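Copied over from TrEMBL:
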- 23-152: domain 'Heterokaryon incompatibility' (DOMAIN)
- 219-236: transmembrane segment (TRANSMEM)
- 240-261: domain 'DUF8212' (DOMAIN)
Amino acid sequence: MRLLDARTMTLETFRSEYEVPRYAILSHTWDLEEVTFDDLNGSDPSHLQGYGKIKEACRQTCRDGIHYLWVDTCCIDKRSSAELSETINSMFKWYQAATVCYAYLQDVEDPNIETFKQLSSDLNLTSEQEAQIQQSPFAKSRWWTRGWTLQELIAPSELIFYDKAFGRMGSKEELVRVISLVSGIDEAVLLHKTSLTDVCVATKMSWAAQRKTTRIEDMAYSLLGIFGIYMAMLYGEGDRAFIRLQEEIIKSTNDQSIFAWN
């Protein structure tokens, strides 16, 4: 596993999982000029648009007393197909093992989060309150529409949301009622009170139904951890990736609800 030293913003490689130190992990949506593995090993990447969020995430990591950070844009050498495949198959586990996950919603500038915290504490939300949540900048963030962020929402035990200025909006636990409404995922699953193995296949598929990925294959690959499946990465196979995922699910479970999913 390769991690970014949050104090020096340099990469370090840990050959054994027993060597891996405590680390934070960044969940975000990709945009223009992301900082890659090559950028960190080449010239100064500070001019790149994506550098700012990594720098802020490093600062937050240090404030939390953690020395290392994992970021998907720069901690993976994507020139190596073997490394990319291993990373994608391990990613859900890495999010689970992180001390804390920072969910950076770069398109949220005025979250009005105190109102959200109050709504999240209400036992019964009215239809007007639900509409208020769904129309909010928080709920309309691009982060909720991406395929990869589904596992990044579910896997971590400690997940904290940050706005564009890297201001803290709240934790998954603090905002769980709002998050459940926005994502369609049961609160008990979000808080790890219900295991993913106890959730039927069709329900898990429904969580991903409105999400998108840039590469067709990634819609299947982003769900591997959700279903506990390991698969080889074959970029270029297109829709065949989802067929392979379904075949692997059928092999691993007797859950017939998969046949109700189109």
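Just so it is clear, glycine is given a Cβ too, placed from its N, Cα and C backbone atoms.
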Same-chain residues near the domain 'DUF8212' (240-261), Cβ under 8 Å, at least 6 residues beyond its ends: 200-203, 205, 216-217, 219-221, 223-224, 227-229, 231, 234
Per-residue pLDDT averaged over the domain 'Heterokaryon incompatibility' (23-152), given as an integer: 90
Helix, strand and coil residues within the domain 'Heterokaryon incompatibility' (23-152) as assigned by DSSP: 60 helix, 14 strand, 56 coil
